[in-house]
Amino acid sequence: MTLHTSAPESRLRRAIHALPFLLISAVMSRAFAMAKPIGPIIEESVKTSVFTAQDVNVPIIKKFYGVPVLDDVFAVVTVAFAHLQFFTNEEAYWQLLVFLTDFVGMYAVVMIEGYRPGNTFPVIKYPVVFLFLSQILYRPGAAPCMALLPTVVLGYYVTHFPSFFHSSLEARNWWNWIWQLFPIWGSIIMLVLSKIISQPKEQTPRKWKQELNAIRLAIGVISIISTITWWYTILNMDSSVFEVFIPQHFLKTPQEPILGLRTVIQFDYICCYSAGFLWLAYHFKDLENVGVCSISWIRAGCASVVLGCLLGPGTMFPLIWLLREELLVATQPDVKKSEN
């Protein structure tokens, strides 16, 4: 394969390429306004320390971490999540379950991208703000790849699934309080494991293959869990996929409080992955420009839609990102020689 360098893009062209991200941000800004009707209900629940919806009355946690700022913020946030996780609204429950389970794939990609050698500035390394903590304290190379799977399991899944499936609603609220700080737990776990896992003094083709195999395993497990969750949701929900995942409101704010909150989450899911897939498309376009691959964009788009329906829409993001990693590794001459 012959690689060639493409001419550097002008600032104007790059600015034009950034416009879709600004549009996505504008859509999400409008969507956030739809949560306004549920605000008074959440405030009342925080005030009384009791969650009330339909025939459900559950004591909720108002103080958890012992840090006033954190407790004040997450007392409100966890009540909002209670409306989505306590199954008082079926559509909201299933939608958030799929969204937050799928989000692990994006979370994992963010962590690996953050440790690339070129990403030395903390904010660039970690779009998720709290994750910059571990990069300030330690800057590993191969270790994060080996630590990725245990980090997402211990720092995310362990608290995520009890927030939805625990038989006690009070326990779901308790687990959700812990889950809310998953970026910090993930940073701490990644830091500890990166210290424990031996770090090679220099990168070799063998180490590259070990890193790639660790990433393959992590992305494979994450994708399987997301796909199982997707089909578990499809088989158990009574509403249609359209009702659960596609927002029905945009210009007009729904007056039903839970519908407004559910609409925000629907837009959040769509906007989050729209931005993610757009980011991947730009990366693949760059690979195509330098001769790494040749892409039939219509065929790729159709295949992604079909596979997204079968595996789950969020599952496709880490899998497509992994494909990009495979292509990048395949271009390394030393790796090719080691395979021969």
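Cβ atoms are placed via backbone N, Cα and C, with glycine included.
Taken from TrEMBL, the feature signal peptide applies to 1-35.
Marked as transmembrane segment by TrEMBL: 92-115 (among others).
The annotation transmembrane segment is assigned in TrEMBL to 136-157 (among others).
Here TrEMBL flags 177-193 (among others) as transmembrane segment.
According to TrEMBL, the feature transmembrane segment maps to 214-232 (among others). Distant neighbours of the transmembrane segment (214-232): 97-98, 101-102, 104-105, 108, 112, 145-146, 148-149, 152, 157, 311-312, 314-315, 318-319, 321-322, 325; these residues of the same chain sit at least 6 beyond its ends, with a Cβ under 8 Å from one of its Cβ atoms.
The transmembrane segment annotation in TrEMBL covers 264-284 (among others).
Residues annotated as transmembrane segment in TrEMBL: 296-323 (among others). Within its own chain, the transmembrane segment (296-323) is flanked in space by residues 98-99, 101-103, 105-106, 108-109, 215-216, 219, 222-223, 226-227, 229-231, 269, 273, 276-277, 280, which lie at least six positions past its ends and keep a Cβ under 8 Å from the stretch.
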